[in-house]
Amino acid sequence: MKVGVIGLQGDVSEHIDATNLALKKLGVSGEAIWLKKPEQLKEVSAIIIPGGESTTISRLMQKTGLFEPVKKLIEDGLPVMGTCAGLIMLSREVLGATPEQRFLEVLDVRVNRNAYGRQVDSFEAPVRLSFDDEPFIGVFIRAPRIVELLSDRVKPLAWLEDRVVGVEQDNIIGLEFHPELTDDTRVHEYFLKKAL
């Protein structure tokens with residue numbers, strides 16, 4: 001199995017390391033790769049859109065020709081996980097977006113960009129997961145905020161206290177936080193099971 005981490009900007013290497021460790025823990029043969037060109041898409045069983053800066057990721061996905069084929073693959077059922085800026089890229093509606101920004105618009109949520117403020121307002125906190133009783137340490141860095149679920153297809157996947165901070169819709173996972181910045185691979189393992 002190959003998992004493509006869109007490697008244009010953001011915390012790509014951390015996702016590659018977390019994915020490779022999760023594959024090993026699941027006993028699955030495979031690897032995570034830096035996904036930079038459309039021709040690599042035929043190799044992958046799943047895609048991760050990392051954190052970073054959503055405007056830059058959007059622009060580079062369009063410039064490299066990844067934008068439209070990635071959107072089509074997701075719409076056709078390819079598993080995808082977006083974290084932080086990746087969540088913004090997946091979202092149907094984005095508050096605070098500039099008119100020239102394009103998003104994949106495949107996940108039925110409304111998000112607010114940079115809802116947690118500046119870099120100095122970043123924090124870590126225990127997050128409750130729908131698929132495991134043990135808390136997960138969520139790392140929130142200038143994170144977007146899920147402000148509304150726009151359809152019944154979207155299911156909460158993670159909560160910070162009583163607020164939804166992660167969602168799942170069929171083959172799509174969107175997270176406000178960065179699961180790749182911890183040593184805990186449970187979120188990556190859960191995601192990879194979608195591609196098995």
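In case you wondered, yes, glycine gets a Cβ from its N, Cα and C as well.
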Per Swiss-Prot, which one of Arg110, Arg113, Arg128, Arg163 shares the L-glutamine site with Gly52, Glu53, Ser54, Ile141, Arg142?
Arg113
Enter the number of other CB atoms within 10 angstroms of the CB of Gly52 (L-glutamine binding site).
21
Can you check which residue among the recorded positions Glu53, Glu180 has the largest number of Cβ atoms within 10 Å of its own?
Glu180
Whole-number Å only: compute the distance from the Cα of Arg113 (L-glutamine binding site) to the Cα of Cys84 (active site, nucleophile).
9
If we take the Cα of Ser54 (L-glutamine binding site) and draw a 10 Å sphere, the active-site residues of Cys84, His178, Glu180 inside it are Cys84
